[in-house]
């Protein structure tokens with residue numbers, strides 16, 4: 001079974017390093033160009049902008065399959081003079097942010113560039129509003145795209161040191177999505193851009209939340225304009241907390257952890273796609289607390305089977321507590337019968353591969369993939385087309 005798991009990981013889950021590097025270079029070069037153009041379109045954005053955080057499963061090392069989808073956070077910073085105050089809301093995992101000295105901030109000489117902040121970002125009583133933030137971000141992305149040459153009514157063109165790319169866009173959830181293609185029309189990737197606000201450790205939530213495990217090296221966290229499950233009022237006041245930088249350190253340097261996560265994600269894609277990938281990552285964050293470092297150095301078979309059983313225990317209990325605030329049950333919105341069915345399905349798979357380890361491939365792979373597996377095809381080696389010659393030069397991103 002060990003050989004089968006390693007083979008599946010190599011041929012159906014993990015991309016060759018050169019393909020990963022190529023898409024990463026294209027992404028970062030296009031985003032660098034696009035963000036610089038965004039700064040020219042809105043002085044307020046230029047003043048607020050701190051950095052881009054390259055988040056999501058690709059940069060965590062947990063991506064399954066082709067690197068065609070990326071999650072990027074556009075981190076914005078509110079000056080301390082405005083006295084931003086974060087308060088835990090009545091929904092675990094969500095906070096409210098209020099500016100207690102907005103007018104004093106705006107009266108400062110350097111505050112002039114922020115004169116439209118209230119109109120564009122704040123609701124009643126100077127609370128930061130998710131709806132206004134999303135609309136501002138949508139408008140800014142549209143305005144930036146309009147500065148680029150248009151190929152047709154839906155596609156514009158961006159040129160940088162890696163070549164010429166076609167970009168279109170659409171809106172989904174809290175993200176603005178950029179679709180990036182080669183000028184030939186061949187799709188490269190979709191990039192979700194989310195405007196977030198970043199805060200330092202002195203604003204870290206306290207009541208019911210874990211303390212920062214890396215206060216000196218990773219002191220910052222984000223708030224994201226994502227609404228809670230279920231009805232809340234006022235809707236625009238709720239911001240989701242994000243501790244992605246700390247999570248990345250927690251899962252790093254644990255030998256078999258990332259391959260095991262990717263195998264379970266591969267299984268969920270086939271058998272229970274209604275469980276979000278982040279929930280699986282959260283389960284592993286809880287498991288990390290219970291295991292010492294030596295556990296992750298065991299065989300992939302043992303780590304995979306152990307973590308799969310523990311993952312199924314969370315599903316059977318119908319609760320995956322948010323790692324940073326246990327009161328927030330990440331799967332609380334799913335129907336009990338749905339979770340029972342998922343747990344029973346995973347339980348059957350566990351028993352089957354315990355009795356017949358060679359059956360693991362049938363459970364992890366689709367019918368088409370299994371046929372290719374039997375035929376010995378290396379699917380991931382052919383997952384991405386080669387870059388055009390003009391984009392395979394020795395350009396270095398500075």
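Cβ atoms here come from the backbone N, Cα and C positions, even for glycine.
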Query raised in the report: Among 46, 262, 265, 298, which residue does Swiss-Prot name as a further ATP binder in the site formed by 57, 69, 70, 71, 244, 245, 246, 247, 277, 278, 279, 280, 281?
Result: 265
Query raised in the report: Pick from 7, 192, 202, 252: which one does Swiss-Prot list with 69, 71 for the same Mg(2+) site?
Result: 192
Query raised in the report: Which residue, of the binding-site residues 247, 292, has its CB surrounded by the fewest other CB atoms within 10 A?
Result: 292
Query raised in the report: Who sits close to residue 69 (Mg(2+) binding site): which same-chain residues at least 6 apart have their Cβ under 8 Å from its Cβ?
Result: 56, 58, 189, 190, 191, 192
Report task. To the nearest whole angstrom, state the Cα distance for the pair residue 246 (ATP binding site) and residue 288 (Mn(2+) binding site). Result -> 13
**Report entry** Check: same-chain CB within 8 A of Mg(2+) site center, minus 69, 71, 192
**Finding:** 56, 70, 72, 175, 177, 190, 191
